[in-house]
Every structure is written in structure tokens, then in C-alpha cells.
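Since the structure comes first, as C-alpha cells, the remarks are kept for the end.
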Amino acid sequence: MPPLLLLPAIYMLLFFRVSPTISLQEVHVNRETMGKIAVASKLMWCSAAVDILFLLDGSHSIGKGSFERSKRFAIAACDALDISPGRVRVGALQFGSTPHLEFPLDSFSTRQEVKESIKGIVFKGGRTETGLALKRLSRGFPGGRNGSVPQILIIVTDGKSQGPVALPAKQLRERGIVVFAVGVRFPRWDELLTLASEPKDRHVLLAEQVEDATNGLLSTLSSSALCTTADPDCRVEPHPCERRTLETVRELAGNALCWRGSRQADTVLALPCPFYSWKRVFQTHPANCYRTICPGPCDSQPCQNGGTCIPEGVDRYHCLCPLAFGGEVNCAPKLSLECRIDVLFLLDSSAGTTLGGFRRAKAFVKRFVQAVLREDSRARVGIASYGRNLMVAVPVGEYQHVPDLIRSLDSIPFSGGPTLTGSALLQVAEHGFGSASRTGQDRPRRVVVLLTESRSQDEVSGPAAHARARELLLLGVGSEILQAELVKITGSPKHVMVHTDPQDLFSQIPELQRRLCSQPRPGCQAQSLDLVFLLDASASVGRENFAQMQSFIRKCTLRFDVNPDVTQVGLVVYGSRVQTAFGLDTHPTRAAVLRAMSQAPYLGGVGSAGTALLHIEDKVMTVQRGARPGVPKAVVMLTGGSGAEDAAVPAQKLRGNGISVLVMSVGAVLREAVRRLAGPRDSLIHVAAYTDLPYHQDMLIEWLCREARLPVNLCKPSPCMNEGTCVLKNGSYRCECRGGWEGPHCENRILRGDAPMARSFHQEPAGLQGPTPSQQAPKHLRIGKALSSAK
């Protein structure tokens, strides 16, 4: 045949070519839920009497690689089966051109033997004769119990059978056999749906996603009471999912001339012939996928103050904390009990509180102890629980270390029974604090903290009065519906802390810490704050008055919990020049701050308040010098009034950048320049004389606490260095760096080199300098960067 005459045959071959397909199943859930699905599959257990047969497709269309994935799915499913002769029996049959029994159901009596046998199955190849394999099973499961127990058939195939499957599959289902169709490689979903039992959504899975497929299989079996979960709070939920197929289809692209022979001798006809192009098109099939979800360690939202909870397995987690709260277990502010006190936590363990409420109470005490107790603390703690009877789990002070106390707390069991709060209070009054019988100044203050979520079933007024008569301070923590009863027990509304939502319970920790000591220091101990004092050290103030200012700010500092996680304090003085006495991150403790304040220099000369405020904006209130993103910031300026003529604009610039400014002006006359500098009326405190400063201390603390509670803008002041731009996004921020800089805060100069890890070790090219100290990331940001890169 002439070559030209072969063209039609070639075109016909292309036209009728079978196109390849790519299939995929995707469950539409977030990453956290996907992690819970994976964890839940490890918490499920099938221990009922049941016969399970794996029917593995070993044909050439599967291929050896996909066959190994089929075996991996079968092995993973066996991990949840209680395999024994009297409970779960497992067998395996491979099919290709013909079915081949790998091992019957009565061959092995342990899970490990079954898993080893599945692992040793050899791929055989051949045609995909699914129908023949199903017909063989019509005579019964090899080694099975003849239908006296439920029968489960798990078909793992690509759904490309070369024979009919609908009738033999229907016959098996009519005999009561539950059929799962598990796709592998690029399955045909329509054939899998034909094979599977009803409801189809619960019996069609994809073996390529082993943990998801195992969860789906066990979830369906649990609805038939064949499987259970270790946690009673686990539940089966439907999730939208999508089965997608990427099909290659042909489209008419146009016509071209081709030559054909004719009936007339020596004649060739030129005719238009169509030609085609190939195009890939997604075909989607929406469905519901039923999966078991178990409560995760992050469901209780243990990370406070905007921290992000990262689960680590079934019951462990860690918190990614904002910079202001780094280093703490649950991003909790560092608090302390500085008074000498004995505290007994009394936990309601009755049926009215429920197991969930009892666990919340234990979590509350655990967080409180972790937040406030130190090894050198003068406070001692004990823990007791009650329902029908009182049980003292940890007598007051009888523990070696805080971790020992926490371990004892974790081991306290839930007792149930009636809520006999009155009886518990009587026993606590008599025996709750051991043999401590000292009185007066020799005995620490004794406090009982009652945590309950249910009303007492016995009388409480008399026992509570008896406890208070024995010099016990009673504090009550509970829900709003119990407020009246808690007031009756404690004797005062001031001794009651209520919450509207169970999760709000944990927000009471700072308030409880404040109330425990007999003389709680006023202020906002739990509020984070970056605070800078600006002192006028010019000649117009004088050395003696400057000393009065120093004494005043030292007394104010005593009202704050100074540490890198709560309140940071800096000090700037100005006169003949502007000088930073110490920055925000210079001194991590209150004692060090007080000592440095006493050593601040008196400068003399003529001062410029405007220059000093600009110095604070450029050299003090920056992330390079210790300011923390997302933490309220305030400047308290103490001045005699002179030198304030140029300060109004710099003060307004600070306020526009998210930094609050309060002016304390000392002198008989309030100058107009100071009024303009103060801005809003509530940002000015006028003091008649330097000796009167202590009388305005409470007013200053109240203003600072009010500013500390205001919402903050994470980009004001900007945490981005080297002229980077701060962009708010989803409750956080990111830095867009200018050319030549990179890093979370644009702190790293981009150098030439093959790998980022090698840049810091390369010799810098001539004329190219590394970042100056002001351009480098401050310590607290470098730590954050190291953590993020480690992740």
C-alpha cells in the first residue's frame, strides 16, 4: 500500500485510542481536623466476633507499587483488630486472571501473624477478573464461621474489571455480607460504587490515603457496634469530600487536506480530513465522607494571650507564644505570690459538677500553680476534693517541688456522689491545714479556695461561718448561677469570682493571685506594658527636685510585675543632652530596675523636651532596643515645664505611632506649652510641688493600667527593621522587606552565596558591609527567628 494511503488508518488509530485518567479523593477539612482523623484511627478498637476477608487486586493494571500500597492499607487496618479465634478472624485472597487464596480465616490466631502473612504476599499480575473472585466467594469465606458471625469483605481494586461485577456483588450483599470497595492507584469510581454496600458514602474509600481510609473503615464498623473508641467523646461526623478524575479528551482542532484513492485508475482525490487535539478536563463527583473525630489536646484552648496551640499526638501539645509571653508553658503571664500564705484548693468532685467540670477545676489549679509558685516562694499549697466525703490529696506544704505537686494533682480521681459542700467545709475547718495550731503573727494567713459548678445538697451557712470563725479566708470560684450561694459561703461578694463560660474560668487566675495576699498591690500586674519614664534633669529643675522625681518613679515601679514577659521599664533623662539611663530590655527584674533608677545622672543645662521625645521614638521604643510587638506602650514625662515649647509635634508623632504619652507637670503655674504637649485632657497631671508627687501616684497608676488594656496595633510602632513595611494580616503581621534585606523582621542583609546557612560564614565582598548593630535583630527577635526556622 502506498504510504499516502496509510494516513487514514493512522488517523483512525489515534481517534479511537483509550485516554489515560487520574483520580483522586479529597476530604475538605482543615489541617487540624485531618490530624484528629489520623489520631482517631489509632484510638479505635474492634473486638467483636467478626470474619474479615481482604480481596486484593493483583492484576497488571494495578502494578506492583500500588499492590504494595494495598498491602500497607490492609496491615494498618489490622492494627485496630483484636485478632483471635473467638473474636476477629482475618483472611486474604488475591485475584488477577484467577483468584488465589493467600490464607484462610482460620490460619492465624494473632495480629502479628496476620500482618506478617499479608506483608509476604507476592504480586502475581494477570487480567482484572473481579467477577470471578466474587463468584468464588459465593460458596462462603474460606475458613470462616459459615455466617454465624458478621462477615466483612474488603475489596481493594482499581475498579477496572474485565468482566461483569454488578450481579456477583449483589448476590454477596443479599447474603448479608458487608462489602467495602477501596480504590487504589487511579480507580474507576463508578465500579467501586457498584461493588459497595449501602450507604455508598460509608463503604467507598481510597487506599492511597492510609490513615484516612482506615478511619473511614473503622468509623463505619463502629456504627454497627463492631468497633469502639478509647475516648467516649469521640464521634462520627460527615465531611464534604470530592472524588476527582482528570480525563484526557479529544477536541476537533480543524481540517487538513488528505489524499485518497478513487475507483478510477490513476486518480487520487484530495479531500478535507479532520484532525484533533487532546485536552485534560477535571470531572468532579461530590460526596460525604464519614470520619471519626476525637477531642484533641488543643480543644480546651490551653494557650493564652493569643498563643497558638500545636498538638503533639493524642494528649500532648505545645504553645507558640507571642513575643511578650515567650518562655511560658501556656503563654501565661508570670505572676507570683510574694506574701506568706497557706492555700488549700477545695475541688468539687460530685456528680453535679460532672467529670468535665472536675477536669476544668484541676486544669485551673494546675495553671495557677505553674504561674505563681516558685521554688523560693513563701506560699504553701494543698489540694482536696469532695463529693460525699472529703479527700485531702496533698496536705498543705507537703510536697518537695512544684512538679511533685502537679503530679499529685493529675492523679486525683473523680468521685461522683452527692454535693455535700457544707460537710466538706466543716472537715476543712478542723483538719484541712494539718496540725498547724499557731496563732497571731506566727501563723501564715490561711485561705480556702472553693471551686464548684453545682449547688450544695446540704446546709452551708453554718459550716461556712464556723470556718470563718477559725480565721480561714474563704474564696469562691464558680459560674454565675452559683453566685448567691458562693456569697453566702464566703461572707462577701468581694470574695467571689464568677465566670459566664467554662473557658472563662482560666481568666480568673490573675484575679485570684491578687486576692490571695492580705495587702494586694494595686496596679495591673497581669497586663503587659512597655513603659518609659522621661525625667527633666535640666538646671530649671535642680538636683534636689530631680532626686524627688527619682524617688517617685521608684515607688511607681513597685506597683508593676517587672520581667520580660509582663512589664518592661526604661528610663531617659534630658538636660544639656539626652541620655538613655537604661533601655527596656536592659534590666529583667524589678530590683535591678530600682537600682538603676537610683543611679540615673543629673545633667543640668538647658533641656529640650521635643528632642527627648524624638530620642525615645528613634532609640528606645523600637524592637531593636527591646520593645515588644503587640504590647501596649507608654511614656510618662515628668517636667518642671521649661523647654517644652518644641515638644507638641514630637508628642503627637509618638501618639500617632501607637505610644501613649502622659505629662506630669510640676509647678505652681501650668504653662501653655505644657498644655499643648499634653494633648488630650486626661493625658496631663498637674502637680503643685515636687513634694506632692506621691499624692498623685494612684492617679498615674490608674492611667497606665487603663492604657495597658486598650487594643493595640501590631504594626505601631513598626516591628520591621531596615525600612521594611509592616502589613497586618489575620490578626498577626508580616514584614515586606526592601531590596537587600530578608528575615521575619528584615533583620538579615542578603549576601552572595549558595545557601542561606552559608551566608554568615562567607567573606563579604569588597565594599559590602554587614549590618550595623542597629540593623541587627534584637535578642528577643533573634530567638523568635531561630524558633521559626527550626519549625
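Even glycines carry a Cβ here, placed using N, Cα and C.
Checking Asn146, Asn730 against Swiss-Prot, you find N-linked glycosylation site recorded for Asn146.
Looking at 432-461, 762-791, the range tied to region 'Disordered' in Swiss-Prot is 762-791. Swiss-Prot records a disulfide bond between Cys298 and Cys309, which is the match among Cys273, Cys309, Cys319, Cys321.
Here is what falls inside 10 Å of the CA of Cys737 (disulfide bond) among the disulfide-bonded residues Cys298, Cys309, Cys319, Cys715, Cys720, Cys726: Cys720, Cys726. For Cys319 (disulfide bond) paired with Asn146 (N-linked glycosylation site), the C-alpha to C-alpha distance reads 54 Å. Ranked by CA distance from Cys298 (disulfide bond), the recorded positions Asn146, Cys321, Cys720, Cys726, Cys746 have Cys321 at the top as the closest. In this structure the alpha carbons, written CA, of Cys726 (disulfide bond) and Cys746 (disulfide bond) are 10 Å apart. A distance of 9 Å separates the Cα atom of Cys715 (disulfide bond) from that of Cys735 (disulfide bond). Listed recorded positions near Cys720 (disulfide bond): none (candidates Asn146, Cys303, Cys309, Cys321, Cys331; Cα-Cα distance within 10 Å). Rounded to a whole number, the C-alpha distance linking Cys321 (disulfide bond) with Asn146 (N-linked glycosylation site) is 59 angstrom.
Considering only the recorded positions Asn146, Cys303, Cys309, Cys331, Cys746, Cys735 (disulfide bond) has Cys746 as its nearest partner by CA-CA distance. In sequence order, Pro297, Cys298, Gln301, Pro302, Cys303, Tyr317, His318, Cys319 make up the list of same-chain residues 6 or more apart from Cys309 (disulfide bond) whose Cβ falls under 8 Å from its Cβ. Over all protein chains present, the Cβ of Cys298 (disulfide bond) has 19 other Cβ atoms lying within 10 Å.
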